[in-house]
Amino acid sequence: MQPLLSTKGDIQIDLNQVKLDVLIGIRECNDRGLIQTVKWLSELNYALKDHKLPHNNESPNLFDNGIIAEEKEAYTLAKCYFDCQEYDRAAHFLENTTSPKCVFLHRYSQYMSSEKKRSDNATDTGSENTESTQVLLDLLSFFKANRNSLDGYLLYLEGVVLKKLDLRSRAVTVLQAAVAAAPTLWAAWVELAGLANEYEALDSLQLPKHWMMYFFAAHAFVELKLSEQALEAYMVLAAAGFDKSTYITAQMAIAHHDRRDVDSSLSLFRNLYQNDPYRLDNWDVYSHLLYLKEKRMELANLAQKAVSIDKYRVETCCVIGNYYSLRSEHQKAVLYFQRALSLDPQYLSAWILMGHEFIELQNSNAAIQCYRQAIDVNRNDYRAWNGLGQAYEILGLNGYCIYYYSRAAQLKPDDSRMLVSLGEAYEKMDKIPNALKCYYKAHSTGDIEGMALFKLAKLYEKSNMPNSAAAAYTAACQEPANASSKELPAAQRYLAQYYLRFSLLDHASHYAYKCLEHESTKEAGKNILKTISEKRLAASTSSQAVNLPEDLPEAIKHASTSLTQDTPKTPFPSPNVTPDNFSTPMFSRKNNKYKM
């Protein structure tokens, strides 16, 4: 996979080969009951409808199901039972078959039966089903006994079983063999992407040189929240001939959502909704975007449309849950997220969103259980780790907060919110150097909420480092995005008092007049201006020159006497530098108004 990770330009894909592979994959997966992969391949095939396959390129595999004549009747009957979700009956009639498709359908029916019983029992009693676990162990014994005769589809099933039993490293090895043997088996690629913990682990996988690898890499980037890489990969695929794929459009919308570009993501989802109005896939993300933008009427219409399409889909339940959450009816929102989980206990979004609702209801213990379940489903999602940090913060367990916020920050290093939360936890435990580093890093990565510099300045002020506090407050006041911040008046008051202390009256006057613009600092501003007038009057009657104090920082000594002129920008120093050597910070960063 290394060529894809380092490639910036276009890729060359033979669309004739893609079309042929997709048609064969649809037939093979449909015969084995892998309906989600059939759906994905069929959508990809429809996106290539304008690309016609030459007749001489058609493969005889399109018309050969590979089942021996004596087993065709049993297979046909079992496949009908499987499609009707009568998994035990399907497995019974395939017990003594030997054709590869029959063997897979037999074992897959056993697996689906155990999972259905596990889900039903968990819903009814809230406990694990040991019988289902035994079925998984029996399947594992079968795979071990028939190691040399497993095809790509049986290897995929083995990988799924190993993942269920939490044998993740073995699952990765088996799934790599599965995608090498059956490259068009999209379900195997998805399982493999879910097991990649980080970018380096993704890069170390041994994968076949097949066009499906590009789709896998882009999907894995989305799973790991590497939004920029994901968008680049999908744009390359669109340029290679897949520009009409609804799947690629939806994935790009999710990537824009992850990088906090709400408007671009909403635009893509709206286009997708117009082109495919009955497509419920990813509507949970679509509804979350409308929730963030507080589009109540549009979210209500989306919920009504989802119910009219299929009221028992997990996406429908999440859309309705988000609608009730926007209306602050959190109990109703929890009810619908619970309905989603009763339909699919592995539905990640529902666990995380239900945890958020319990936080709103001040039920931290229930929220913790939801976030832990989300981590069991996907331990690479930073939202669950961040949610755990918030829940333990409410409980006052700052030691736990530090651990969970650290994990969230590792998974999402470009998001300042986790770093600010981590800094607050360190500050509560009086670990001041660590807190300073967190606030500084949050500022350096692009402060989303505009709080990092204010918190950094307050911590310097609390730690009796006035020069460093003034430097951070100055940088915060110079940032246009902070013009409406609630922290701005206190920062301007501090700077007015700071410059007054060093008799830099023009600077002090500038910030004192700023204080007059806010009700909370108006009186302080008047008092400072009064003191400034007295100092100027005293200076005008004295013939002695005023010398600057010795402890004034160099950056302040050389400050411009005119605050209206532009000053040269200097980088904001790291907390690792001696604080009193800080220069007055001037900086620029991306303007980002995204709010969770």
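For all residues, glycine too, the Cβ spot is worked out from N, Cα and C.
Bear in mind that the values here come from a model prediction, so they are computed numbers and not experimental data.
Residues or ranges marked as compositional bias 'Polar residues' in TrEMBL: 577-586.
What TrEMBL lists as domain 'Cdc23' is 25-253.
According to TrEMBL, the feature region 'Disordered' maps to 560-596.
According to TrEMBL, the feature repeat 'TPR' maps to 314-347 (among others). Beyond the ends of the repeat 'TPR' (314-347), by six or more residues, the same chain brings 119, 122-123, 280-284, 286-288, 290-291, 294, 296, 299-300, 302-303, 306-307, 353-354, 356-358, 360-361, 377 to within a C-beta distance below 8 angstroms of the stretch.
Sequence annotations record features per position, and here TrEMBL assigns repeat 'TPR' to 348-381 (among others). Non-local neighbours of the repeat 'TPR' (348-381) in the same chain are 194, 196-198, 223-225, 284-285, 288, 314, 317-318, 321-322, 325, 328, 330-331, 333-334, 337-338, 340-341, 387-388, 390-392, 394-395, 411; each lies 6+ residues outside the stretch with a CB under 8 Å from one of its CB atoms.
Averaged across the repeat 'TPR' (382-415), pLDDT in this predicted model comes to 88. Taken from TrEMBL, the feature repeat 'TPR' applies to 382-415 (among others).
In terms of DSSP secondary structure, the repeat 'TPR' (314-347) contains 27 helix, 0 strand, 7 coil. The list of residues near the repeat 'TPR' (382-415) in space but at least 6 beyond its ends in sequence, with Cβ under 8 angstroms from a Cβ of it, reads 224-225, 351-352, 355-356, 359, 362, 364, 367-368, 370-372, 374-375, 421-422, 424-426, 428-429, 445-446, 448. Secondary structure by DSSP for the repeat 'TPR' (382-415): 27 helix, 0 strand, 7 coil. Under DSSP, residues within the repeat 'TPR' (348-381) fall into helix, strand and coil as 27 helix, 0 strand, 7 coil.
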